Amino acid sequence: MNIRRKNRLWIACAVLAGLALTIGLVLYALRSNIDLFYTPGEILYGKRETQQMPEVGQRLRVGGMVMLGSVQRDPNSLKVTFTIYDAEGSVDVSYEGILPDLFREGQGVVVQGELEKGNHILAKEVLAKHDENYTPPEVEKAMEANHRRPASVYKDPAS
């Protein structure tokens with residue numbers, strides 16, 4: 001093997017080692033930010049394709065609806081407990097903090113936290129879903145103003 005080929009081989013090995021090290025460091029840095037999404041039914045019975053169930057202590061995101069009558073607030077602190085459900089089951093959630101303005105019973109939420117024993121989630125963050133038909137107040141006012149205009153405004157000037 002001549003010197004030129006040896007140098008190319010060493011350069012290729014160095015590039016591959018550097019790439020592997022970079023990928024390893026990125027994955028190590030992101031491991032604390034990777035949260036898998038589950039529904040309450042998937043927490044209870046596992047993911048449909050793989051039947052993989054989350055482990056106690058695993059960080060995850062859970063999406064579902066807040067069960068009617070399940071919200072309980074501690075009068076002495078910001079601690080709130082509630083139940084989220086889907087068609088296949090329900091899980092209990094504990095959260096300490098200020099809830100979003102759109103949070104209410106019967107509304108969709110996504111909670112991010114850790115799974116504890118007994119299918120209980122200790123939430124670090126609660127996100128309330130809004131209706132897909134939501135319109136900002138400014139846009140709604142503009143739409144109402146346009147609908148009140150006389151019909152002559154909408155006619156084609158060429159006709």
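For all residues, glycine too, the Cβ spot is worked out from N, Cα and C.
Annotation source Swiss-Prot lists topological domain 'Cytoplasmic' at 1-8. For the topological domain 'Cytoplasmic' (1-8), the number of residues in each DSSP class (helix H, G, I; strand E, B; coil) is 6 helix, 0 strand, 2 coil.
According to Swiss-Prot, the transmembrane segment annotation covers 9-29, on the basis of sequence analysis.
Residues annotated as topological domain 'Periplasmic' in Swiss-Prot: 30-159.
Here Swiss-Prot flags His130, Tyr134 as heme binding site, drawing on sequence analysis.
The region 'Disordered' annotation in Swiss-Prot covers 132-159.
If you look up Swiss-Prot, you'll see 132-147 marked as compositional bias 'Basic and acidic residues'.
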Within the predicted model, mean pLDDT of the topological domain 'Periplasmic' (30-159): 80
